[in-house]
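**Student:** The structure that follows is given in the form of structure tokens.
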Amino acid sequence: KNNVNIKEIGPGMAGADSDDSLYPIAVLIDELRNEDVQPPLQSLATVEETVVRDKAVESLRKISHEHSPVDLEVHFEPLVKRLASGDWFTSRTSACGLFSVCYPRVSSTVKAEIRQHFRTLCSDDTPMVRRAAASKLGEFAKVLELEYVKSDIISLFTALASDEQDSVRLLAVEAGVSIATLLPQEDLEALVMPTLRQAAEDKSWRVRYMVADKFSDLQKAVGPEITKNDLVPAFQNLLKDCEAEVRAAAANKVKEFCENLPEDSRETIIMTHILPCVKELVSDTNQHVKSALASVIMGLSTILGKDNTTEHLLPLFLAQLKDECPEVRLNIISNLDCVNEVIGIRQLSQSLLPAIVELAEDAKWRVRLAIIEYMPLLAGQLGVEFFDEKLNSLCMAWLVDHVYAIREAATCNLMKLVEKFGAEWAQNTIVPKVLGMANDPNYLHRMTTLFCINALSEVCGQEITTKHMLPVVFKMSNDQVANVRFNVAKSLQKIGPVLDSNCLQTEVKPVLEKLASDQDMDVKYFAQEAISVLHIFSFCCVLYMNASACLLHTGSIDGQYIEKLINCRAS
């Protein structure tokens, strides 16, 4: 636009007016000015770096939608052909992602050429190209006419699913699921199922893993009859597979598979074919398999109902609650709401408590953290009496854990428990124990008291905060440890909005002013910050009260008040 010349800003030039960072832009301008145009996205789609190629293809797919059908045939489709017939495999892999975006809007003659190019790439000598073709086979099938899906795509699918490279065969599995959704029910058995049955028994565990991972999608695509006749036996085999990765992938799909079974025969199939496999997986030698199963098995209770859950599933839940792997126990506990809906949680409570205690005291802090996050859910399902008797002490013990993340999570946990059980329960049960920690010899525990007060003040309300918590905060302003004192300032700032304006002026402000003259710089800083914030808050309160009074008596607000309110909001 400004007649920039590449010679004028070549690399390495010194001087105030030159900048090496402009050199690439100058190169681009020079190339675009050249009469011999080579589209830059085509060039980028052929480079060795996979990330660059993928981004180039993504951009080409986007701009294809901006072409008219005529321009698509004149400009875009020739580009796809050039990529598809390129010497380097990189260009041919990129071409695989472009067929589906141009096919629907070109003439029948060009469509035939595109189908031929795709067939060629599916049998390319380079495995990377065949992988790319297999990954886009399902997408390409969706834009083809049904007759060509049957005549062209099925043969390509069969060939790719029998490829010598397992990395190609596993990608064909996903394509098979997409193709199955396109075909009429009467064609599925003959055209797709033989290949998918072969994939489910493939010699490579990676292919079988992909079948297990896509099993629910496949089940929805083929319908109830094929599910009963073909997929149930295949799913049983995957649950019994010799490779743990395949068993784990299949176990993860147990609930979804059972939910999608035909309703008229669902219970019979589960009890006869699926449950025996599930029982074996409960005691599997691989912890990942057991963990995957534990994350979904509780969902079977809503499918099988109360009687079957009590008789057949409950023993499995109890066994998993005693499993040596903490992830298994955590996954069971995290899904207790499913069982609670069907049989109630009381039948699990005796086994539940030891499992929770073990997890709460686990040597790995991440395990302790996970059980804390589930505690509000457990509390709601077990009830306040059971919680106070069995679990309250655990929640308080977490407040003095040696890991900060645990103490922080325990503080949030208390707030959620108060939201569930109410402020009165907190006043009688939690608040006294929290405030008692203010006298703990360990300053970290004293600081945890302040963190708890910050959280609890929001849910306990003004009365409990003012009457019980605030005096303790004032007392801690004289703590010998500076970290505690500046956290007192932060706490007073945090709980200030809960308190009334009179309390802020007569009680809180003098304490903050005292801290503002503290010898420690950090204490001074946070005290001064708290004073400023609370001053603005108090000013806001006065303004809004006056504005409300004006509205109440006159039905309007003076312009000066509006200006002050706007400035106050900005502050």
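Including glycine, each Cβ sits where the backbone N, Cα and C put it.
What TrEMBL lists as domain 'Phosphatase 2A Regulatory Subunit A helical' is 105-218. If you look up TrEMBL, you'll see 114-152, 153-191, 192-230, 231-268, 274-312, 313-351, 352-390, 430-468, 469-507 marked as repeat 'HEAT'.
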**Student:** What residues elsewhere in the chain lie close to the repeat 'HEAT' (274-312), defined as a C-beta under 8 angstroms and at least 6 residues from its ends?
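**Tutor:** For the repeat 'HEAT' (274-312), the sequence-distant neighbours (Cβ-Cβ under 8 Å, at least 6 residues beyond its ends) are 232, 235-236, 239-240, 244-245, 247-249, 251-259, 266-267, 319-320, 323, 325, 327-329, 331-332, 334-336, 338-339, 341-343, 347.
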**Student:** Could you break down the residues of the repeat 'HEAT' (313-351) into DSSP helix, strand and coil, giving a count for each?
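**Tutor:** DSSP composition of the repeat 'HEAT' (313-351): 31 helix, 0 strand, 8 coil.
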**Student:** Where DSSP helix means H, G or I and strand means E or B, what are the helix, strand and coil counts for the repeat 'HEAT' (352-390)?
**Tutor:** 34 helix, 0 strand, 5 coil
**Student:** Sequence-remote contacts (6 or more beyond its ends) of the repeat 'HEAT' (430-468), Cβ cut-off under 8 Å?
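**Tutor:** Counting only partners 6 or more residues beyond its ends, the repeat 'HEAT' (430-468) has Cβ contacts under 8 Å with 396, 399-400, 407-408, 411-412, 414-415, 417-419, 423, 475-476, 479, 481, 483-484, 487-488, 490-491, 494-495, 498-500, 503.
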**Student:** Please average pLDDT over the repeat 'HEAT' (352-390) for the predicted structure.
**Tutor:** 85
**Student:** Near the repeat 'HEAT' (352-390), which same-chain residues lie under 8 Å Cβ to Cβ, leaving out any that are not at least 6 residues past its ends?
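**Tutor:** Result: 321-322, 326, 329-330, 332-334, 336-337, 340, 345, 397-398, 401, 403, 405-406, 409-410, 413, 416-417, 419-421, 425, 429.
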**Student:** Restricting to the same chain and to residues at least six past its boundaries, which positions have a Cβ under 8 Å from a Cβ of the repeat 'HEAT' (114-152)?
**Tutor:** 77, 80-81, 84-85, 89, 92-97, 99-100, 102-104, 106, 159-160, 163, 165, 167-168, 171-172, 174-179, 182-183, 187, 191
